Amino acid sequence: MVNTQAREDLHIRLEETQLLDRDCTTLSRHVLQQLHFSPDAQDISSLMNRIGLAGKLIARRLTRAGLLEDTLGFTGTVNVQGESVKKMDIYANDVFISVFKQSGLVCRLASEEMEKPYYIPENCPIGRYTLLYDPLDGSSNLDTNLNVGSIFSVRQQEGNDENGLAQDLLQNGHKQIAAGYILYGPSTMLVYSIGQGVHAFTLDPSLGEFILVNENIKIPEHGPVYSVNEGNFWQWDDSMRDYIRYVHRHEGYTARYGGALVGDFHRILYQGGVFLYPGTVKKPEGKLRLLYESAPMGYLVEQAGGRASTGTEEILDVVADQLHQRTPLIIGSKEDVALVESFIKEQKRISNQG
């Protein structure tokens, strides 16, 4: 009886210790644990800390968005993508620049909001990494207080980029050394990978720290969710329309689409399924940016055991030919991505026969 009680007490103490260890695992500590004795450990940990700081600043601004002037609404300008720019787009973009400008960690920042990369001034410490980012994904959701996010990717500079064209960034997604996103929702979460699994952290407002909540996340092989803007149905080719008709006819599927890649992908990462943003007949290249959105998410999903595809090619195999290149995106559980691809292959077979 005594031995049984002692074992139970020991088990309780072990559980409490494990919970305490988890509660004490901050983002920077976790990165250092992941990299162990790597010579890059301190730099990558500092990089992630800075990204986390940018996320905290943006999250704080978003929580007061309706109370502050010059926060919601449009600026009246368009970005390099030809899209109307929200005031929070500019704020979020400037936050990342401010956070990294004096860090000594990066040499450039490339954003979907800027036509050309921002080069760290010569009077500031200059690092060897490049941060590519979408400062505020889903900003059309802002005025209705729905989920938005930030997406990031880290690459190492190759060469000296003397001509300022950043051609070394025009490589495939396997060249990324870190990627992730920050989700601004009921809580603020940061999800990242440095090539050793996918890990999720929640911002504890009382501590001001991102605390580990899920380690080594694995996406289910198949899931019930399909996430796509069906308002574009008649703009797609037959393969996409056939896929949508298939999930409408078969039980076990549920549609979820929130208008922000980060929020929609986050659900699929945990529940399984597929997110689609295919090209249209008029714009087969799609809408999402390869370097700032598709490749970082592709890196994450592969680390979690899923897949990301253009429909004909793995996202991480795509070599960019320009900084703001767009690409179709099919991302999620392996079985669900393969199902979408099967409709694309069938349509090509029919077209070739014709």
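Using the three backbone atoms N, Cα and C, a Cβ is placed for every residue, glycine included.
Asn229 is the only one of Asn163, Asn229, Asn232 that Swiss-Prot places in the substrate site (with Asp137, Gly138, Ser139, Ser140, Tyr257, Lys287).
For the Mg(2+) 1 site, Swiss-Prot records Asp134, Leu136, and the single candidate of Glu112, Glu158, Glu209, Glu215 listed with them is Glu112. The candidate list Glu293, Glu302, Glu313 contains one residue that Swiss-Prot assigns to the Mg(2+) 2 site with Asp134, Asp137, namely Glu293. Candidate binding-site residues: Asn229, Tyr257, Lys287, Glu293. Nearest to Leu136 (Mg(2+) 1 binding site) by Cα distance: Glu293. In the three-state DSSP scheme, Asp137 (Mg(2+) 2 binding site) falls into the strand class. Within the same chain, the residues at least 6 positions away from Ser140 (substrate binding site) whose Cβ sits under 8 Å from its Cβ are Lys86, Gly259, listed in sequence order. Taking a C-beta cut-off of under 8 Å and a sequence gap of six or more, Gly138 (substrate binding site) has these contacts in its own chain: Leu146, Asn147, Val148, Gly149, Gly258, Gly259, Ala260, Leu261, Val262, Gly263.
Sitting within 8 Å of the Cβ centre of Asp134, Asp137, Glu293, and not among those site residues for Mg(2+) 2, are the Cβ atoms of Glu112, Tyr133, Gly138, Gly149, Ser150, Ile151, Tyr181, Leu261, Val262, Leu288, Arg289, Tyr292, Pro296.
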